[in-house]
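First up is the structure itself, then whatever we jot down about it.
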């Protein structure tokens, strides 16, 4: 927080998510693996992928985000709910220190507006999120996910809460802690680079986000039952 990367509201949101990590056993479960595979295939098929970065993501996995961008030829864009130019620059600097070559969405670069969105997150780069066909985001509010989907974009969300509006609205939801999900996604992208277009398309076609969310909830319910018997 002292470096302006995070705001108190972001810490609160992260804390809420941490409770779900206990519920899924603090490891990447099979339902998350299915989503990670679909996400990797979707990113590799994308023509204009963008990784949307907020303060929490920059603080937790900056190197992983930069590696993912490199492996998928995706652009990195800062997009904040609590936006000010100083904070944007601080977050961009964190990414540059992690070897990012370009960071969009800072200052006047965020000159385009997402329709039907009224928070500061509506401001995006005309070279990034606005023209993206796929947007990966994490630790997100549901309003922007809905707005991006309405624009016809595929949204990959990393959200450990399967009940959130973001999780239920996204095209692909990775129900996992972002500190595990990003490195695993990088690994899967590297693995899938050997696949042809038809194979990648089949992976995406076979994926059902509602089923994956249902699996995550069933897992949590079963885990709670098992824990109750162990008391």
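Using the three backbone atoms N, Cα and C, a Cβ is placed for every residue, glycine included.
Remember, predicted model here, so these are calculated numbers, not experimental data.
The ATP binding site annotation in TrEMBL covers 16, 159, 160, 161, 165, 166, 177, 178.
In the structure shown, the C-beta of 160 has more C-beta neighbours within 10 angstroms than that of any other entry among the binding-site residues 160, 178. Cβ neighbour count for residue 161 (ATP binding site) (all protein chains, 10 Å cutoff from its Cβ): 18. According to DSSP, residue 165 (ATP binding site) is assigned to a helical segment. Here the Cβ of residue 166 (ATP binding site) has 22 other Cβ atoms within 10 Å, regardless of which shown protein chain they belong to. Around the Cβ of residue 165 (ATP binding site), the number of neighbouring Cβ atoms within 10 Å comes to 15. Secondary structure from DSSP puts residue 178 (ATP binding site) in a helix.
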